[in-house]
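The block underneath contains the structure these notes are about, expressed in structure tokens.
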């Protein structure tokens with residue numbers, strides 16, 4: 001059963017299975033007591049009334065599903081049947097013990113009912129938890145999974161019913177609902193189908209045995225010449241009892257109708273009518289009557305005739321409700337117009353039939369003549385395909401091309417397309433679970449979000465992301481990273497674990513929606529309604545993308561591990577498919593296939609039980625790999641590393657403010673920091689951010705100026721702080737570092753002053769520009785600074801004037817080239833030349849001691865062009881590379897990946913027999929072993 005629908009309909013099911021069973025028991029018991037001639041006591045009458053209160057509308061539920069009736073009605077009817085079995089049996093047990101002579105007062109009755117029901121729920125939950133944990137360590141073993149469910153079910157029933165005197169049926173019902181809620185995704189693919197078919201077979205055999213046994217007992221009573229059957233009035237009272245059963249069902253639904261209409265999905269009068277008529281009785285009532293018959297054979301309180309009558313009346317009611325109610329339900333559905341498809345669905349079915357016809361025509365064209373057998377008798381083939389006959393009119397698009405095509409159908413079409421979109425998303429989740437892209441816990445959350453969104457398709461746009469928001473965020477306890485008394489390693493571990501789960505959810509959500517959009521577009525093509533739903537789906541994924549970007553900036557290791565697990569699982573799946581295909585086409589014998597299959601399954605189990613984990617680097621390692629410390633000599637970096645303060649800054653915190661005096665520098669290890677300058681308001685910056693490897697605040701520390709911008713964290717940021725005095729003390733000890741630190745400060749400064757040009761350049765490329773294509777010089781008063789046409793200069797300290805002008809230029813400032821240069825024209829078209837901190841001119845007069853760095857942009861562009869061309873057109877003797885790394889696809893292996901032929905590690909004897917199956921199997925085994933080795937190391 002669908003867990004979400006059970007939750008929504010749970011109140012209605014409880015009303016029908018709780019008060020409903022009690023009302024039905026009282027009504028039927030009273031009717032039996034006052035109108036039947038058997039002189040039964042109240043206890044015996046109520047015993048039969050409680051026994052007949054358990055509904056089992058299997059035939060009606062199957063019919064409702066076949067006719068496409070509303071899922072809510074099917075869930076209510078099926079759920080009531082499931083729950084009232086337990087409550088009816090509890091009531092039966094109470095009156096059964098009373099009939100056998102045990103006395104109860106009201107206190108004892110309440111105590112008995114509480115013990116039997118609450119105790120059963122507790123035992124069912126306990127067995128559910130144990131078995132689900134057990135299922136977690138079973139991997140792809142359908143036989144053990146089926147055996148476990150069978151054994152646990154019967155053991156739970158036996159312990160509940162016989163061991164601690166609670167309701168065994170309620171115990172098993174609780175166990176089943178626990179499986180539905182928490183173990184739905186534990187059974188995947190063929191294993192789930194096998195489990196379903198097994199339990200269907202077991203249920204069919206059990207039902208058949210109960211009906212056969214009941215029939216034998218009834219026949220025995222008739223053949224023995226029982227007076228009750230010989231006179232014929234028992235048959236008449238059976239008809240009367242059938243009427244009483246229908247009247248009691250009407251009373252139950254009528255009394256509870258206000259509650260049924262208010263709770264859950266609600267219930268209208270048509271659905272209430274079907275609910276009344278669906279009160280069939282089945283094997284539970286029969287099995288209870290058999291228990292009474294067995295007790296009557298050896299009891300002094302109940303005679304054997306009463307036991308036989310119980311079986312006769314129960315069997316008769318089961319038969320009559322099945323024949324009368326079951327066979328006329330479709331007529332009532334038709335009378336109430338509940339069996340008709342909506343116009344939108346009729347339209348969609350017609351369109352699908354025309355598409356089927358097109359596929360048949362394609363098959364006709366593709367099959368053609370067979371070389372061996374010749375042509376087929378196509379008229380005869382067409383005569384057998386009767387499902388595509390009598391197609392009337394032309395093919396009509398299932399939802400119309402636009403809203404104007406059919407205004408009456410538009411809302412229904414929109415809702416229908418949303419439902420199909422969400423069904424496609426849910427199907428994609430199942431596929432990803434089978435592929436190993438998501439875990440069972442993640443799959444449960446994702447599918448639950450789709451179920452919740454399906455309830456709201458008629459009220460609002462796609463909203464399955466709303467059900468995931470609480471699970472996709474930086475956990476609240478990551479704030480503990482700021483608290484001194486909580487170990488940072490513990491807080492980081494908890495944060496990373498939660499982020500890992502959130503990344504699985506986001507990645508699966510985006511992938512599933514992307515797949516569903518493709519399928520929707522392939523089916524419906526271009527239409528206004530489909531476009532609306534597709535746009536809703538794309539809007540749904542914005543928050544998921546933003547979250548993944550934040551995690552990539554703050555904790556890139558998390559995404560790497562998630563992808564590593566997915567790829568490992570995918571590789572192993574490919575190996576399994578390859579081995580099975582080799583066996584299917586005859587390249588491997590079954591014994592060889594099983595040997596290789598077991599080897600890969602062992603790797604699967606290892607991945608399941610010991611998956612790759614996120615490794616948080618040590619703080620000392622993070623500091624040493626920062627570009628600033630990596631470039632400093634060890635004699636300088638070692639003291640600085642010892643005086644750094646590692647810290648984790650939460651999103652939205654300010655590192656330093658514009659206009660304030662600097663107190664140190666910030667080294668960004670992970671995360672994103674945004675900058676704002678009030679004077680220019682980031683007018684020309686598309687992405688005003690700094691990430692891993694940035695050194696913030698260094699220019700202000702070296703120049704002694706106030707901070708020129710606000711630096712605010714845009715994600716969780718792992719960073720290091722070095723005090724201003726430490727930097728200045730290093731300069732005093734080793735003045736040769738001054739030029740290097742000024743150059744390092746220029747990397748951040750150029751992004752602040754000319755973001756339109758420099759913010760798109762990666763930090764490593766900027767460092768290459770600074771070190772290889774720049775000149776930094778100190779100028780004294782009276783000297784002239786020249787900025788070449790294809791260059792850009794930056795005034796780092798001091799004051800200068802544009803030659804021929806009186807305006808004083810103060811540091812920091814961008815010195816743009818003169819009119820006519822390509823750089824100037826580009827900047828002019830972007831509106832940058834008039835911005836703050838930027839000046840234009842080819843010559844500048846130095847007013848005070850000034851430090852200027854000039855970048856040769858033409859040479860830098862030439863370097864970039866050369867690098868791009870070498871990547872696009874690799875030489876014959878060298879694989880194409882980008883920045884020293886060879887681009888490779890998902891399934892391409894590293895250069896040093898083990899290849900048994902390349903490294904000549906296969907013995908000659910085996911190599912000569914490469915065409916034999918055993919040799920191929922050995923090659924595959926060696927290759928698979930090295931795949932495993934490479935993955936681990």
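Positions of Cβ are set from backbone N, Cα and C atoms, glycine also.
All annotation found in TrEMBL is predicted automatically rather than curated by experts.
Residues annotated as transmembrane segment in TrEMBL: 12-32 (among others).
The feature transmembrane segment is assigned by TrEMBL to 44-64 (among others). The list of residues near the transmembrane segment (44-64) in space but at least 6 beyond its ends in sequence, with Cβ under 8 angstroms from a Cβ of it, reads 20-21, 24-33, 36, 73-74, 77-78, 80-81, 84-85, 88-89, 91-92, 94-96, 98-99, 245, 274, 277-285, 288-289, 292, 302, 306, 310, 313-314, 317, 322, 325-326, 329-330, 333.
Residues annotated as transmembrane segment in TrEMBL: 116-135 (among others).
The transmembrane segment annotation in TrEMBL covers 166-187 (among others). Tertiary neighbourhood of the transmembrane segment (166-187): same-chain residues 1, 3, 6, 82-83, 85-87, 89-90, 93, 115-117, 119-121, 123-125, 127-129, 131-132, 135-136, 145, 149, 152-153, 156-160, 195, 284, 433, 440, 443-444, 447, selected by CB-CB distance under 8 Å and a gap of 6+ residues from either end.
For 199-223 (among others), the entry in TrEMBL reads transmembrane segment.
Within its own chain, the transmembrane segment (235-260) is flanked in space by residues 11-12, 15-16, 19-20, 23-24, 27-28, 31-32, 35-37, 52, 76, 229, 266-267, 272, 275-276, 279, 281, 312-313, 316-317, 320-321, 324, which lie at least six positions past its ends and keep a Cβ under 8 Å from the stretch. Annotated transmembrane segment per TrEMBL: 235-260 (among others), in sequence order.
If you look up TrEMBL, you'll see 310-338 (among others) marked as transmembrane segment.
For 628-731, the entry in TrEMBL reads domain 'Cyclic nucleotide-binding'. The domain 'Cyclic nucleotide-binding' (628-731) scores a mean pLDDT of 83 in the predicted structure.
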According to DSSP, how is the domain 'Cyclic nucleotide-binding' (628-731) divided among helix, strand and coil residues? 28 helix, 34 strand, 42 coil
If you count every Cβ pair below 8 Å, which range out of 12-32, 116-135, 310-338 shares the most with the transmembrane segment (199-223)? 310-338
Positions whose Cβ lies under 8 angstroms from the transmembrane segment (310-338), at least six residues beyond its ends: 48, 51-52, 59-60, 63, 67, 69, 214-215, 217-218, 221, 228-229, 234, 237-239, 241-242, 245, 270, 273-274, 277-283, 285-286, 288-290, 292-293, 296
